[in-house]
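Chemist: Please see the structure below; I have some questions.
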């Protein structure tokens, strides 16, 4: 009887006090989430693009190449080499800001469950925040007042140009975040055996 009580105590202790999650586990979850969001962004963009005529696609692509995304003002590495030289904290901070910048605009996206996208972005933002806190080494992450929203003028309109820009920018930014989180994970997890 004492063995049963002891076993139940140990089992309940394991449920009540689970082992803390490691950075490696958090990074794996974050990379998995952003990979999912990047796939959703790609699918949504290509679905929208394929609904357009070939001429409309060509015109919108030409216009988009001249325009820039509202998130372009977030300073980020410009190429693979600069990304690899960036600190883990810098990559996490940029990723956090990019994810945060899409929490509101993601509600206007078409081609997917917008609530699901917004929820995944919020979960990812929290996960990145936890990773930043675990890796900050006493440095201030950034002030709480740094929150911002991208200024997409006419969210939810039926204007193909605006929707094209919104989807293209979402796809571009999710690709950036996926790259930055993958590089940071590889740098902190030698067992990940990553080639960048």
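In case you wondered, yes, glycine gets a Cβ from its N, Cα and C as well.
For reference, Swiss-Prot lists these features for the protein:
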- 35, 178: Zn(2+) binding site (BINDING)
- 69-169: disulfide bond (DISULFID)
- 186-194: disulfide bond (DISULFID)
- 19: pyrrolidone carboxylic acid (MOD_RES)
- 1-18: signal peptide (SIGNAL)
Chemist: For the residue listed as 'pyrrolidone carboxylic acid', just count the other CB atoms lying within 10 A of its CB, please.
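Modeler: For the residue listed as 'pyrrolidone carboxylic acid', the 10 Å Cβ neighbour count is 7.
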Chemist: List the Cα distance (Å, whole number) between residue 69 (disulfide bond) and the residue listed as 'pyrrolidone carboxylic acid'.
Modeler: 41
Chemist: Return the count of C-beta atoms lying within 10 angstroms of the C-beta of residue 178 (Zn(2+) binding site), excluding that atom itself.
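Modeler: Step by step: centre on the Cβ of residue 178 (Zn(2+) binding site), count other Cβ atoms within 10 Å, giving 21.
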Chemist: What whole-number Å value do you get for the CA-CA distance of residue 35 (Zn(2+) binding site) and residue 169 (disulfide bond)?
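Modeler: With distance taken Cα to Cα, residue 169 (disulfide bond) is 16 Å from residue 35 (Zn(2+) binding site).
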Chemist: Including all protein chains displayed, how many Cβ atoms other than that of residue 186 (disulfide bond) lie within 10 Å of its Cβ?
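Modeler: Neighbour count, Cβ to Cβ under the 10 Å cut-off: 18.
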Chemist: If you count, for each of the disulfide-bonded residues 69, 169, the other Cβ atoms lying within 10 Å of its Cβ, which residue has the minimum?
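Modeler: The disulfide-bonded residues 69, 169 were compared, and 69 has the fewest Cβ atoms within 10 Å.
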Chemist: Just to verify a number: CA distance, residue 169 (disulfide bond) to residue 19 (pyrrolidone carboxylic acid), in angstrom, no decimals.
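Modeler: So the alpha carbons of residue 169 (disulfide bond) and residue 19 (pyrrolidone carboxylic acid) sit roughly 39 Å from each other.
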Chemist: Tally every other Cβ atom lying within 10 Å of the Cβ atom of residue 35 (Zn(2+) binding site).
Modeler: 15
